[in-house]
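Peer 1: Sharing a structure below in structure tokens format, with a few things to ask.
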């Protein structure tokens, strides 16, 4: 019997488990403790569909288990894969058929399983809880509140919460965490303040949940107050759990110096901590710092997860760091890390922005799963590279794959139509947003249509569309019209569009520069001088733009006519000269062809 108990703890093949089952049924020495061994066997037979069916038959053979063993079985099944969770429901049903009364430990794991599955009915178990008089038990009640709130069923959660006379920290945390999970971060913060007023001390779970809330609404002041409350408990240095949440909160609030300070003071860090710091730098547009932290992470022998890699790839895409992005891609392949939809979409975006359309297509085709963001990234890639018809065709391939477009998808495909001169196709797509997809076009979609009409010289139609807009035209809409007027030398309409843009953005130097360019195109130098004077009178300062360039895997930042002399300046300017030659080459070839 001892040998059999030891045998059941070993990693066994399913066939061996069935052989042990036969032994239990046929050998008389196991008769008195057969149910105990069957329950242990049952824990091992539920990792695949075939084993699930076998496990159901095993359940039916159990007859004399105590409530403690039933609770143990249900708890084991409820925390596993989907099939296991369904097995926990069957175990409960069989337990009741055998006349066993559930305990306060029976329902919390069942509730955890039912709320995770989403397609199951939690109210049936709630009714059983009331039937057996366990609804007033704090342990069971907190599980109900946690389940209802995490599923967004706040009416039911609030009724239980308001009816509870002895609200402990678990009760409060269940509500706070539920609000955070369902996008009501502000409500979570209100509940936290109320909890503090009642004198209930927060635990680590409460602090983590409320820090998430502060990060989501980017309320660094509130986040700092929570940080202060945590320090008041006498914990000078944060553990991994709290520290990672603090780094994440400060990062989302763009306070990357605070995030770095917390990170540096932590005695130990895990992949979540490193990822939070990297994501914070990327969100704050400190892309180079984010990539440097990633390199430090690898040197510290901390293996990145999918979220880490997606953040780093996003940083590479923003600054066009193709070499670094390829290294990350190679790291994923070398370490057999499956490229999920998030990482795949970011990779496509990186290769598209760096001019490597073929590599983007390769990543797209190799993805096992594609969501709307993946399709949109690829459509946008074709559009950005001038393959308007391919972008248009891919959009309809996406629809035939039963993936519904979102607002960004329409932005991408309408932009493709604008760049490809597909006026009628763009017009049909724009009308289909409301007619077929029940989606109200936003100002950015109108801007795409204005750009589409304007590029084809249909300036009056573009202006008429602006006048019919159900919302106030934005600077992007007027900017699209202005660009088209400049292209087709319609200076009168261009002046009107420019005046509307300047009215919306009176402190934006670029708008005045565009208007001055329009006047210089028409050789109206008096108006050019007037615009320059207007900028000076209104103290509009033209801030120099800056760019990044990757040289030998190192990212360099520079502005126009930069006279700084970094160590790598020679390599940097050689690279820029090469880029300049390549940009001029098509025009020079065209001139030679025309002359010949």
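Cβ from N, Cα, C; glycine included.
I grabbed these lines from Swiss-Prot:
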{"type": "REGION", "residues": "477-552", "note": "region 'Type E motif'"}
{"type": "REGION", "residues": "553-584", "note": "region 'Type E(+) motif'"}
{"type": "REPEAT", "residues": "66-102", "note": "repeat 'PPR 1'"}
{"type": "REPEAT", "residues": "137-167", "note": "repeat 'PPR 3'"}
{"type": "REPEAT", "residues": "168-202", "note": "repeat 'PPR 4'"}
{"type": "REPEAT", "residues": "239-269", "note": "repeat 'PPR 6'"}
{"type": "REPEAT", "residues": "305-339", "note": "repeat 'PPR 8'"}
{"type": "REPEAT", "residues": "371-405", "note": "repeat 'PPR 10'"}
Peer 1: Hey, which bits of the same chain come close to the repeat 'PPR 4' (168-202), Cβ under 8 Å, at least six residues off its ends?
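Peer 2: Result: 138, 141-142, 145-146, 148-152, 154, 157-158, 161, 209-210, 212-214, 216-217, 219, 222, 226, 229.
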Peer 1: Using a Cβ cut-off under 8 Å, which residues of the same chain at least 6 positions beyond either end of the repeat 'PPR 6' (239-269) come close to it?
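Peer 2: Beyond its ends, the repeat 'PPR 6' (239-269) has Cβ neighbours at 204, 207-208, 211-212, 214-216, 218-220, 223, 227, 230, 276-277, 279-281, 283-284, 286, 289, 300, 302.
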Peer 1: Within the repeat 'PPR 3' (137-167), count helix residues (DSSP H, G, I), strand residues (E, B) and coil residues, in that order.
Peer 2: 23 helix, 0 strand, 8 coil
Peer 1: Mind tallying the repeat 'PPR 6' (239-269) by DSSP state, helix then strand then coil?
Peer 2: 23 helix, 0 strand, 8 coil
Peer 1: Any idea what the model's mean pLDDT is for the repeat 'PPR 1' (66-102)?
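Peer 2: So the average pLDDT across the repeat 'PPR 1' (66-102) works out to 73.
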Peer 1: With DSSP as the yardstick, break the repeat 'PPR 4' (168-202) down into helix, strand and coil residue counts.
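Peer 2: Reading the DSSP string over the repeat 'PPR 4' (168-202) gives 26 helix, 0 strand, 9 coil.
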